[in-house]
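Report on the structure given below.
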Amino acid sequence: MDQKQIEEIVRSVMASMGQDVPQPVAPSTQEGAKPQCAAPTVTESCALDLGSAEAKAWIGVENPHRADVLTELRRSTAARVCTGRAGPRPRTQALLRFLADHSRSKDTVLKEVPEEWVKAQGLLEVRSEISDKNLYLTRPDMGRRLSPEAIDALKSQCVMNPDVQVVVSDGLSTDAITANYEEILPPLLAGLKQAGLNVGTPFFVRYGRVKIEDQIGEILGAKVVILLVGERPGLGQSESLSCYAVYSPRVATTVEADRTCISNIHQGGTPPVEAAAVIVDLAKRMLEQKASGINMTR
């Protein structure tokens, strides 16, 4: 699917929802956004905020032959370019920024989604068999199964046999959920309903892994399960969300090739509102073809 097709899908879905087509959003200060570049410099300041736009736009090459080329290169990518060297070693500011980004990525893996936040969104919260974050990181197999209490809650509080069941899970990035939720879930649910689909009760799974959607789909009898889950963070990019969609999942028979994945959903990648429109179109095609993953035809 090329960019033109994606834009057409977004326009079609947003028009059916009675909303204006979203305009390009100014990039956030995340690493995925294109920075406004500072001029090449020969000095370093340890007082500079390493998370600021100025620090991310810093050019550390001393006495460049073509400063304009470095500025354009730095503006065109979020990669670690134009950082310069001090002999064979990285410059102090470049190393500090690397360490700061690495710390930020570790923090978002270890953080918890606040229970107050889940309640504020009006979401039912259930858990996998995991009881804490340390166990979540060391026992991924337990994150693929719902706890007995969660199974009872789904059976008693959720709509059974929906066309589409939407699930939100923290995964490996708390920031991905809290930063993108408002811009992806409301338009996604509205788009699915506008398409005439029977949408199940959305809920939040704490400590969930991707494969947990198979058990959810089997319990609720959902035709399509859509899981919005936090991606493993990269250096400086902790807000990236993924969508894993699967048709008629079964714990015993569904394999990874049966899933369709849309990744890199954040303001510096695929905008959440645009992703919502693409997911609506994907769900419709899954129901039409009765397939997902590699079994779908283009």
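Including glycine, each Cβ sits where the backbone N, Cα and C put it.
Record features, source Swiss-Prot:
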BINDING   VAL210, GLU231, CYS261  adenosylcob(III)alamin binding site
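Comparing local CB density within 10 A for the binding-site residues VAL210, CYS261, the maximum falls on VAL210.
Taking the centroid of the Cβ atoms of VAL210, GLU231, CYS261 as the adenosylcob(III)alamin site, the other same-chain residues with Cβ within 8 Å of it are GLY171, LEU227, VAL229, SER242, CYS243, TYR244, SER263. Farthest C-alpha pair in the adenosylcob(III)alamin-binding residues VAL210, GLU231, CYS261: 12 Å apart. According to its DSSP assignment, GLU231 (adenosylcob(III)alamin binding site) is coil.
Listed in sequence order, GLY171, LEU172, SER173, ALA176, SER240, LEU241, SER242, SER263, ASN264 are the same-chain residues six or more apart from GLU231 (adenosylcob(III)alamin binding site) with CB atoms under 8 A from its CB.
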